[in-house]
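> Sharing a structure, written as structure tokens. Questions coming.
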């Protein structure tokens, strides 16, 4: 760690992140040899074929063909379609394909890798401002080695979303309200996470208002702070409105999302309750679900998370609540956990205001090793598609 302290901070953070991506690249390339040829991969699966499996095939279709002008309906039932997928990532990929002349597989996976690297750098700066250099590096390392982190180099939107999210949290923490507003609007075309962002923004605005006696709030600052809140509101409504306008069906987005849900409808909270019963039984299911909720609250509200500051703690809890309200928990839950990266800092003991720095590398090292082992499992069991049907990553 002494040598790390002598190196430029961002170089260390990005180096750690890219080392983890080298590992996951090797894992994906090896697993590609065991991938059965399917329509997604072509007759000879390789690394780039693996990057467009599952949701990657939807983004590829959007980049190459675009969105349909009406919802597909069979026997009166709306079918799964492209409108469930936000446009920022495939449209950027489409532009890069036009400029470079390269195919979607290469462009999308490279774009994802670049965005993920940028996200790691912003995450490092965001955490360093709160918990210091060493804890920030440890937190980024654990995030980069998380079992679903290989998705950050696939043709998925997670890497772009993490880049914008870390930029937004950094801007809101530094009270750069106009920057936050712009990023919120960009997020509105990338991932449906505007609701928890609005909660964080509301807390940040309230904290600024509390300091008004020492630092008076001018009209211009008040207006820009409110614009950040408004930006989150617009971001949450933007894509559903675009889908409704383009298809002529005001509920096109929600109707499309319902086609991916059990029973064909979106029901808040109940899928988590049902899944807990399914996995652990009628008695232990609710107990485990309650335990996980209490554990998350304890991790974010205890003194071991105080150094993170209110914005990151509120983000983690509000995002978790958002997942409970809108998500059907299944195998995709692992990649949905990536935005909860502040938990990595708490896990390594970096959230204490008076932490023992000597233990950081040991805790981080253990979690990195466990995470990399988890990546092997994730790529083999979830990313690899076993015909005729399988569980998605």
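Keep in mind that glycine also has a Cβ here, set from the backbone N, Cα and C atoms.
The transmembrane segment annotation in TrEMBL covers 9-34, 106-127, 139-171, 183-207, 219-242, 287-305, 312-330, 336-353, 360-380.
Distances, neighbours, how buried they are, the whole picture for these features please.
Panel annotation: around the transmembrane segment (312-330), residues 126, 130, 169, 192-193, 195-197, 199-200, 203, 260-262, 266, 268-269, 271-272, 275, 296-297, 300-301, 305, 336, 339-340, 342-343, 391-392 of the same chain, lying at least six beyond its termini, place a Cβ under 8 Å from a Cβ of the stretch.
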> Examine the transmembrane segment (336-353) against the transmembrane segment (139-171) and state whether at least 3 Cβ pairs sit under 8 A, considering only residue pairs 6 or more apart.
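By the criterion, they touch.
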> So which residues does the transmembrane segment (9-34) touch in its own chain, when a touch means Cβ under 8 Å and the partner is 6 or more beyond its ends?
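For the transmembrane segment (9-34), the nonlocal Cβ contacts are 45-47, 49-51, 113, 116-117, 120-121, 123-125, 128, 133, 136-137, 140-141, 144-145, 149-150, 152-153, 368, 372, 375-376, 379-380, 383-384.
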> Grab the same-chain neighbours of the transmembrane segment (139-171) for me: Cβ-Cβ under 8 Å, and only residues 6 or more beyond its ends, written as numbers and ranges.
13, 16-17, 19-21, 23-25, 27-28, 50-53, 55-56, 59-60, 85-86, 88-89, 92-93, 104-105, 108-109, 111-116, 118-120, 122-127, 129, 131, 177, 179-180, 183-184, 186-187, 190-191, 193, 197, 200, 311-312, 315, 334-335, 337-339, 341-342, 344-345, 347-348, 350, 364, 367-369, 371-372, 374-375, 377-379, 383, 393
> In the same chain, who gets a Cβ under 8 Å from the transmembrane segment (219-242) while lying at least 6 residues past its ends?
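Those are 86-87, 172, 175, 177-178, 180-182, 184-185, 187-189, 192, 194-195, 197-198, 201-202, 204-205, 208, 252-254, in sequence order.
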